[in-house]
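Peer 1: According to TrEMBL, the protein carries these features:
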| type | residues | note |
| --- | --- | --- |
| BINDING | 53 | Fe cation 3 binding site |
| BINDING | 54, 127 | Fe cation 1 binding site |
| BINDING | 54, 127, 130 | Fe cation 2 binding site |
| DOMAIN | 11-143 | domain 'Ferritin/DPS' |
Ligand SMILES: [Fe+2]
C-alpha cells in the first residue's frame, strides 16, 4: 500500500479519535464535578483522573496528527451528562464498550503506520483498564447496594 493511502487512513482515524475523546472526556469531567458537589470525593477523584489521562491521550494523538501534516478538526458530538451515579456508570459503560469495539475494528486498518499503530495499541490498553474498572463498579453496586457503595466514596 502506498504511504499516502496509509497516512490518509491514519489521519481519518486520528481525527475521529480526537473528536470523540474531546467529547467523551468532558463527560468524565462533568460527572466528576457533579459527584464532588454531592460529596462523593473519591469517585470524583477517580473520574477526574480518567479525564486527565484522556487529555494526555488527546495531546499524543494531536502530536501524531501534526507529524502527519494535519491539525485536528473537532466535530462536536452530543454527550449526555447525568446526575445519578448509577446512570452515569450505565452510560459510561455503554460508551466504553461502543468505543472499544470501534477501536478494535479500525486498528487493523492502519497496519503499515507503525507509529500510529503503537499509539492506538497503548490507548486500547488504557481503555481496557477503564472498562474493567467500570464493570467492577457496576458489579460492586449490584453486590453491596448503591447506598453502601456511595458511603465508600465520601
Ligand atoms: Fe473514557
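Even glycines carry a Cβ here, placed using N, Cα and C.
Locate each feature and note its surroundings.
Peer 2: Taking the Cβ of residue 53 (Fe cation 3 binding site) as reference, residues of its chain lying under 8 Å away and at least six apart in sequence are, in sequence order, 126.
In the three-state DSSP classification, residue 54 (Fe cation 1 binding site) falls within a helix. All protein chains considered, the CB of residue 54 (Fe cation 1 binding site) has 22 other CB atoms within 10 Å.
Counting residues per DSSP class in helix, strand and coil order gives 110 helix, 0 strand, 23 coil for the domain 'Ferritin/DPS' (11-143).
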Peer 1: So around the Fe cation 2 site, 54, 127, 130 aside, which residues have their CB within 8 A of the centroid of those CB atoms?
Peer 2: 50, 53, 57, 96, 123, 126, 129, 131
Peer 1: Determine the mean pLDDT over the domain 'Ferritin/DPS' (11-143), rounding to the nearest whole number.
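Peer 2: Computed over the domain 'Ferritin/DPS' (11-143), the mean pLDDT is 95 on the 0 to 100 scale.
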Peer 1: As a test of the contact definition, list every same-chain residue at least 6 positions from residue 130 (Fe cation 2 binding site) whose Cβ is closer than 8 Å to its Cβ.
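Peer 2: When sequence neighbours closer than 6 are ignored, residue 130 (Fe cation 2 binding site) has 50, 96 within Cβ distance under 8 Å.
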